[in-house]
Amino acid sequence: MFSDFDFGVIQRSLPYLIKEGLTFTLTLTALSTIGGVILGTLIAMARLSSYRVLQVAGAGYVNFLRSLPLVLVIFWFYFLMPYILQWVTGASSPVPVGAFASALITFTIFEAAYFSEIMRAGIQSIPRGQPAAAAALGMNYWQSMWYIILPQAFRNMLPVILTQTIILFQDTSLVYVVSLPDFLGAASKVAQRDGRLVEMYIFAAIVYFIISFFASWLVKRLQARIAIIR
Amino acid sequence: MSYNWNWGILLEQSPEGIGSYLYTLWLGLQWTMLVAAGAWILALAVGSVLGVARSLPGRWFSPLATAYVEIFRNIPLLVQLFLWYFVMPELLPRSWGLWVKQLPNAPLYTAILGIGLYMGSRVGEQLRAGIQALPRGQMMAATAIGLTVPQAFRFVILPQAYRIILPPLTSEFLNTIKNTSVALTIGLLELTARARAMQEYSFQVFEAFTAATVLYLLLNIAVTFAMRLIESRVAVPGLGVLKK
């Protein structure tokens, strides 16, 4: 069955796959996790605030993005971004956006909807006495959020955030639909150039599996370590 | 913005010659719903087997089901679809591989198979959680009154577990619908692919994607509403009290 396989193609293309592809994928995952958590936390705070407008806007953002497929959102931003930049900068024609920047903005905005649900649960898990005590000490809203609530919420939710990051890592493979050079895109490029689809796609699957599996295992260990015994 | 809006484009003929652009989007929505329905049935079947297997005592069933879940959860859906579509026919015996490649509507079957098996691992995890949420006494009482283990699952455990996990199953079904869009990479002409095609033919990017977005939102609302209806239909008065 494997007699006419050419596993040499993997070895030959490995430097390209790792230096271009995997670097793109991992950088995109890391940066959009950071961006997504920050934006998601702000949205969660908006949904939990006492202002009706902010509540509705936050809920609308989350529900809207969560009912759309990521592939469609990737297309949206891929085509929309040049026009937005033109509008912002006042240029005379749509401004071309780099592949990486386009993907990063898309994933930050899309994943923020999911991260905000996690952070909302995290903030709600903090006992009511905590913000009350912070207010009694004379802290204002931002101080009590920054010093008291968010650090605890973040710690409680860290395993869930990291699990979502693993999902995000797998989701980045979808930038394939706009031909960006992520890991799968690079593998697919080599596969089509050399006519070695079978070898390259199996190899890509194994790499994704090993990284995700190992990361999940680390998250499980972390969860056991940081769990607060109540 | 220097973009020329032209909403009338939706009613113009598409160059594929089958009707207006709006009609091609409607066809895409039908494909999306067909694949989602097929994949969901497969996912429920696979997930039920996995969920039960992971709750069984013994050395064989549970690890096998765990291995399935780990493999299908840790590989991106897109890569899985590529494996089913490009790689599997090559690994089959030659004559079978040829038969698979010549199947009409191969993307349709591949999408249902790939998405169904992928979502099956997630449904299985939900069901396992639902079964674990039941008090141990349920199983004990069932076997104490003389039910065999299969009977206990059929008449006592599963009817309760499925009711518990109905809300998460709703969101898994919505995920299935959204995941059908990944199948455009293997040539399935579902809603997102139709919007993309409309954009390429007509250059009216934002009308195409706006129309697709609206259709997805409507589909979501319809499904959420239907699942709420099912939830209230199958609810057993007082069953919630049993929890804890």
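Residue 1 is the first one shown; counting continues down the chain.
Glycine too: its Cβ is placed from the backbone N, Cα and C atoms.
Marked as domain 'ABC transmembrane type-1' by TrEMBL: B:29-227.
Non-local neighbours of the transmembrane segment (B:31-53) in the same chain are 61-62, 64-65, 68-69, 108, 111-113, 115-128, 130-131, 153, 158, 161, 172-173, 176-177, 179-181, 183, 188-191, 219; each lies 6+ residues outside the stretch with a CB under 8 Å from one of its CB atoms. As annotated by TrEMBL, transmembrane segment applies to B:31-53 (among others).
If one looks beyond the transmembrane segment (B:65-86) by at least 6 residues along the same chain, the residues whose Cβ comes under 8 Å of a Cβ in the stretch are 49-50, 53-54, 106-107, 110-111, 113-115, 117-118, 120-122, 124-125, 179, 182-183, 185-186. Here TrEMBL flags B:65-86 (among others) as transmembrane segment.
According to TrEMBL, the transmembrane segment annotation covers B:106-125 (among others).
Distant neighbours of the transmembrane segment (B:205-230): 3, 5-7, 9-10, 21-22, 25, 28-29, 32-33, 166, 169-170, 173-174, 177-178, 191-192, 194-196, 198-199; these residues of the same chain sit at least 6 beyond its ends, with a Cβ under 8 Å from one of its Cβ atoms. Per TrEMBL, the feature transmembrane segment maps to B:205-230 (among others).
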